[in-house]
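Asker: According to Swiss-Prot, the feature domain 'Cadherin 1' maps to 143-245. Summarising the annotation, Swiss-Prot assigns domain 'Cadherin 2' to 246-363 and lists sequence analysis as the type of evidence. Marked as domain 'Cadherin 3' by Swiss-Prot on the basis of sequence analysis: 364-477. The domain 'Cadherin 4' annotation in Swiss-Prot covers 478-585 and rests on sequence analysis. Annotated domain 'Cadherin 5' per Swiss-Prot: 586-680, in sequence order, evidence recorded as sequence analysis. Here Swiss-Prot flags Asn86, Asn382, Asn500, Asn530, Asn638, Asn671 as N-linked glycosylation site. Per Swiss-Prot, GPI-anchor amidated aspartate is recorded for Asp693, and the stated evidence type is sequence analysis. Taken from Swiss-Prot, the feature signal peptide applies to 1-22, supported by sequence analysis.
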Amino acid sequence: MQHKTQLTLSFLLSQVLLLACAEDLECTPGFQQKVFYIEQPFEFTEDQPILNLVFDDCKGNNKLNFEVSNPDFKVEHDGSLVALKNVSEAGRALFVHARSEHAEDMAEILIVGADEKHDALKEIFKIEGNLGIPRQKRAILATPILIPENQRPPFPRSVGKVIRSEGTEGAKFRLSGKGVDQDPKGIFRINEISGDVSVTRPLDREAIANYELEVEVTDLSGKIIDGPVRLDISVIDQNDNRPMFKEGPYVGHVMEGSPTGTTVMRMTAFDADDPSTDNALLRYNILKQTPTKPSPNMFYIDPEKGDIVTVVSPVLLDRETMETPKYELVIEAKDMGGHDVGLTGTATATILIDDKNDHPPEFTKKEFQATVKEGVTGVIVNLTVGDRDDPATGAWRAVYTIINGNPGQSFEIHTNPQTNEGMLSVVKPLDYEISAFHTLLIKVENEDPLIPDIAYGPSSTATVQITVEDVNEGPVFHPNPMTVTKQENIPIGSIVLTVNATDPDTLQHQTIRYSVYKDPASWLEINPTNGTVATTAVLDRESPHVQDNKYTALFLAIDSGNPPATGTGTLHITLEDVNDNVPSLYPTLAKVCDDAKDLRVVVLGASDKDLHPNTDPFKFELSKQSGPEKLWRINKLNNTHAQVVLLQNLKKANYNIPISVTDSGKPPLTNNTELKLQVCSCKKSRMDCSASDALHISMTLILLSLFSLFCL
């Protein structure tokens, strides 16, 4: 059929040419038909005629010679174009050069695909200047060359031919470009005389698919006389690359219960062969599915796109009934459009069946029991639930709620993140005497909402029965802490207060005894029976055991239980001040030069441990002695300070000045004390206070004092 089509195309073209040239009856040297269209067959068969070429030099065609651009073809003497071997790829065109003693010409054979026949016929019937008009001659004919990759030796191997219309006498061909004199060098070469192009080693289309060379014709001296013209060499792809999956790992997810035909993922492979040929035309197939239940054909892969889709019903796509939620598919990609001769590559697709919340959590039993001692807090029971959904997801994680029986908010429940159990805790201590039993109603839900048409049922609620055990609780003081105000220095044995403690265990009718637990100053005692607290020592507000006027003591209340329980009470005594401390004077030592110009010796201050109004203003006075009053005096500065002033310069010596200071308390308290005054000699900024004359001066003062007393 293909041969008939070729003949039809050639016949039509020849008829058109004959019609176009019918008026020209003179012989025109050359090919009588210059353009041919033939349909690309699956293969050109060796020695089978392809078409007939008619050449006439109008002189008898003596010494007629034909040259074909592709060395796999030749033209017989009768003009028949034949293949020298079986040829599956001849390119898009063949050029035939014919030469005799009197004429030469070029014919072009265009090879078209089956889908191009219509366009070829249109070209044949197109009325244009090319019909009947001799084609312009080409000086160098360099038709494209096609070379299959991965050819086997021997090399070099002839792959094409360059033709010069003028012949090559006195001239030679020269080839240049990438693959000749540029890297990679030495792949191609040309016979300088015949124009035969040869390849020297196997080619790899995936490395270089096309070579663009230049052909020139030079004279024997190397001068270019024709060209350059471009020579295209294309490497014909062979199926020498397997499909490869490069984007792994391949993991897809599909929700359980998804409709049949749900797309899970896409698997695509890469083939390094020519994408325009079947060598890279891939088809996909599932070789193996693991596991094979509930169906050995859970999934389908689109052979062209590589899309993996579900093919089972939503009922079978149930995660909870599956042997495992993970499926592994061995995917095969085969080139050559999936034909048996194609090369293959495989990869594994992992498909995970994702969970949806189609199973509510359910308690493992309807009623749980718990026992807790009164007064204790913490977890008292773990509530267990079952959920068939995927663990560690929101469809599995439980959320617990106390919906009844917790008016006092004594209980809380939280989820154990590892076990999903509900941890029920007492957060406020329970009292046996108030209630010995508690009943809680607990509800469990999921973090994620249930899917439509699924609801929480009776198994999603449970009852917890809690029994409170009685324990011997310690007595409780009322109030606690206790506060009282007392004046310091009250008589020993004075009653401070009576403490009161009660036993929470009202049903046990226990007795209570009291004792002192902590009394830092040992000032107090307590009656063990009635709780009366009395003083055993004088209360002193100025004691180091008193802080901010408060004294703190602790007492114990002990019941008669077995074993006994103890309660602790705190007593704060606020002490009121009384004037029981004399003022103190400072400083007690002063120094002055014997020739001082400023006779103001020192400023005295007074302080008192008591509180107002038992402190300042203070009264400063010299003691009632006539002798000292003649030597110095005291001037009041303010409520807390006074100044000692000399009445005259004194000789170097140590003097003791008797001074009294009195507070403002009722009654006031006076402190009689002495100020030691050192009179020193001062020379050149040095003060000498050695007491060489101190004994003399002191004795003089003593004698003067005695004399004044005697005279009285």
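Quick reminder: no glycine exception, Cβ is built from N, Cα and C everywhere.
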Asker: Can you check which residues sit near Asn671 (N-linked glycosylation site), meaning Cβ under 8 Å from its Cβ, same chain, 6 or more apart in sequence, and list them in order?
Answerer: Val582, Pro583, Ser584, Leu585, Ser660, Val661, Thr662
Asker: Taking helix as H, G and I and strand as E and B in DSSP, count the residues of the domain 'Cadherin 3' (364-477) in helix, strand and coil.
Answerer: 3 helix, 53 strand, 58 coil
Asker: Which secondary structure state does DSSP assign to Asn638 (N-linked glycosylation site), in the simple three-class scheme?
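Answerer: Looking at the DSSP assignment, Asn638 (N-linked glycosylation site) belongs to neither helix nor strand, so coil.
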Asker: To the nearest whole angstrom, what is the C-alpha distance linking Asn86 (N-linked glycosylation site) and Asn382 (N-linked glycosylation site)?
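Answerer: Roughly 85 Å, rounded to the nearest whole number.
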Asker: Given the glycosylation sites Asn382, Asn500, Asn530, which one's Cα is the least distant from that of Asn638 (N-linked glycosylation site)?
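Answerer: In terms of Cα distance, Asn638 (N-linked glycosylation site) lies closest to Asn500.
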Asker: At the Cα level, what's the spacing in Å between Asn382 (N-linked glycosylation site) and Asn500 (N-linked glycosylation site), rounded?
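Answerer: Cα to Cα, Asn382 (N-linked glycosylation site) and Asn500 (N-linked glycosylation site) are separated by 42 Å.
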Asker: Run through the domain 'Cadherin 4' (478-585) and tell me, per DSSP, how many residues are helix, strand and coil.
Answerer: 0 helix, 50 strand, 58 coil
Asker: Taking the domain 'Cadherin 3' (364-477) alone, what is its mean pLDDT?
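Answerer: Across the domain 'Cadherin 3' (364-477), the average pLDDT comes out at 95.
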Asker: Could you round the CA separation between Asn500 (N-linked glycosylation site) and Asn530 (N-linked glycosylation site) to a whole angstrom and send it over?
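Answerer: Cα to Cα, Asn500 (N-linked glycosylation site) and Asn530 (N-linked glycosylation site) are separated by 8 Å.
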Asker: With the cut-off set at 10 Å between Cβ atoms, which of these glycosylation sites ends up with the most neighbours? Options: Asn86, Asn382, Asn500, Asn530, Asn638.
Answerer: Asn500
